[in-house]
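Novice: My structure is below; once you've seen it, I'll send some questions.
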Amino acid sequence: MPPKQKLNEKNKAAKRNQSTADKTFGLKNKNKSSKVQKFVAQVEAQNASTNNRKKEFEARKLAEKRASELAKVEALKLLKPVVQQKIPFGVDPKSVVCAYFKAGQCTKGARCKFSHDLEIERKGAKKDLYTDARKEDDTMDKWDDEKLKSVVLSKQGNAKTTTDIICKYFIESVENGKYGWFWVCPGGGDECKYKHSLPQGFKLKTKEQLRTERQAAANAPKFTLEEFLETERHKLGKGGTLVTLESFNQWKKEKEVEKAKKAQEDLANAKKNKTLSGKQLLDSGKYVPDDEEDDGADTFDMEILRQRVEEIDRSNDDLSGVQNNTEYAE
């Protein structure tokens, strides 16, 4: 729907008169009766006062809106002040976007000497002088061996290495095609202690070569464990002994005899040198723990105690009998 057109003063007056006529429609003797004329005057005054109240409300609303905008501008100035723009001599101000307009604080409107078109920045965006666009387009899938070596040598960092071991992350990135100008080592970046250089004889494989290798690996015949063992057995050549259950048992028995003989020789040598290991001492059966040796010394025999008590009782009986005989003799 098209927007409603604003009424001018002439249309407003006509509308007010029409409202008065509608309210006094049907009254008789409008021009003769004083009471009717008085009522018509009251209606006209009411319409006029209503119009005045509308004007006052609109004026008050406009003043509040302007005050709110000024308050917002003052708050933005306090919280995020805008720096006054300075342009070089000879530059058209209309080619520069107004900083106050970008911050929503420009109150000049069309009188502002700077542009209020935000598309100017996109159209006239300056080229970044600190970024080489060629490096962003120069990816590893377009490199050969010489290019890869030159890039590795040109990258700074990783100069504190004290080992010849090559970083596994570096090798993986090169093999997977992820290495480039902006590659960062996951093992510590420039502080990685391993080398970030290509090993001698390394050849960068192309995508076609990698694809061919994968296809060859997928199409290669799969060997079972039995086939592998049979192949390795044929590689041994002739002249060997066929392993059967009997030959294996005989070999095992010989090994056990050889092991026991060697153990006896080691024990004899240890005895001769008077040095026995803990295992040899336990196996010999001559080891007696300390607590077993002291068991007899620290044990209290109750039979010995009973005998001593009986001896004391007998000596006491003999002593009492001698005393009684002496009394009778007296």
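Along the chain as shown, the residues are counted starting at 1.
Note that Cβ sites are derived from N, Cα and C of the backbone, with glycine treated the same way.
Straight out of TrEMBL:
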type: COMPBIAS; residues: 1-12; note: compositional bias 'Basic and acidic residues'
type: COMPBIAS; residues: 321-330; note: compositional bias 'Polar residues'
type: DOMAIN; residues: 92-119; note: domain 'C3H1-type'
type: DOMAIN; residues: 161-199; note: domain 'C3H1-type'
type: REGION; residues: 1-32; note: region 'Disordered'
type: REGION; residues: 311-330; note: region 'Disordered'
type: ZN_FING; residues: 92-119; note: zinc finger
type: ZN_FING; residues: 161-199; note: zinc finger
Novice: Per DSSP, how many helix, strand and coil residues does the domain 'C3H1-type' (161-199) have?
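Specialist: Computed counts for the domain 'C3H1-type' (161-199) are 11 helix, 2 strand, 26 coil.
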Novice: Please work out the helix, strand and coil residue numbers for the zinc finger (92-119) from the DSSP assignment.
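Specialist: Helix/strand/coil tally for the zinc finger (92-119): 11 helix, 2 strand, 15 coil.
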Novice: In the predicted model, what is the mean pLDDT computed over the zinc finger (92-119)?
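Specialist: Value for the zinc finger (92-119), mean pLDDT as a whole number: 82.
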